[in-house]
Amino acid sequence: VEEPPPCGLCGAAAAPYTCPRCNRRLCSLGCYRGHGGCAEAFYREQVLQALESERDPPPGRDRLASAFRRLRQLGEAEDAAGPLGRDLWKSLSPAERAGFQRLLSSGEAATLLPAWRPWWWRRRRRPVEELGKPQAGEEEEAEDEEAAAGPPPLLPAVVTPLSSLRAPPPSPLLPFQLPNVLFGYAFALSLHSGDETLLPELPAAVLDVSAALRGRRAFASAAEALHAARYDVAVAGYPRCPLGDAGTVLAVVQILEGREGRTDGEDVAVALLHLERLFRKGESHLPKEERRRFGNARRKCRYLLAWSREAPEALAALAEAARVVHAGVAREAAALREEAERGCGGP
């Protein structure tokens, strides 16, 4: 019988478990907890099961179930881990299960999850009326939260001018490809908790979500481009990413607007160059006959990078349009949440 491959986290000789989200081989529950964002869904499932066991079925169950399904698609409700969580739970001893339940009831389970913040993440500022002397420990907490954001990829030292590229002049619809590409980039990075060793899965997820990178798909507006990417996530059958639906649209807004102190379009250039490098790395993990789609996507990123450095005013307009889309998705989630809470009689 062939021995299973070594553990993808600690290198143990035998790793009988496989994470269905990232396909990493794992040897134990400890390595599963430590291998990234996939562990979070397991904890959520157990919390939901504990809550459901204490609550009678609410009235209008079918209607509530429909609302919760839609909330999960929007990334605004807790989701279940699927078969991995159930298989791991069955593999635990009674003592391990009891210990895990204690972690849940005390709230310590959350401390076991590795924090990951995307490089474009910006700490939310409190409204002016809330500003004042911070409470004890508040400043330290804010600093820790800021430090949790990952370091940004490097900005390209030199960007090839658009006129130097062997490509046709940009179409009037070219700007609307950018939000679609950035949605795929933010979704894939968040889905895999920024783990760039997941190749070719991470760049492949970008292609599955971004029709602009897969082929010659044209969009007539930023809203159409973003909603097309949201639709492709559902069609591809991916689990929701930690950012959620509204959060991924907000990520597009943040990249287009740029962080404080950055010049116009600088964060867009960082994202596109990072994405180009991911496709380049992913190519080496594919059979020769399958590398073409990664190569085409990489060249599109290079073209969009050259264009974006020469069109800062277009990026501002795209950011404003993306904010409108984000507001609509957030309103939809809020309405569904309100309906679900009315039916459940609580949050």
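Using N, Cα and C of the backbone, Cβ positions are placed for all residues, glycine too.
TrEMBL tags one of the stretches 130-153, 274-297 as region 'Disordered', and that stretch is 130-153. Summarising model confidence by region, the domain 'HIT-type' (7-38) averages a pLDDT of 73.
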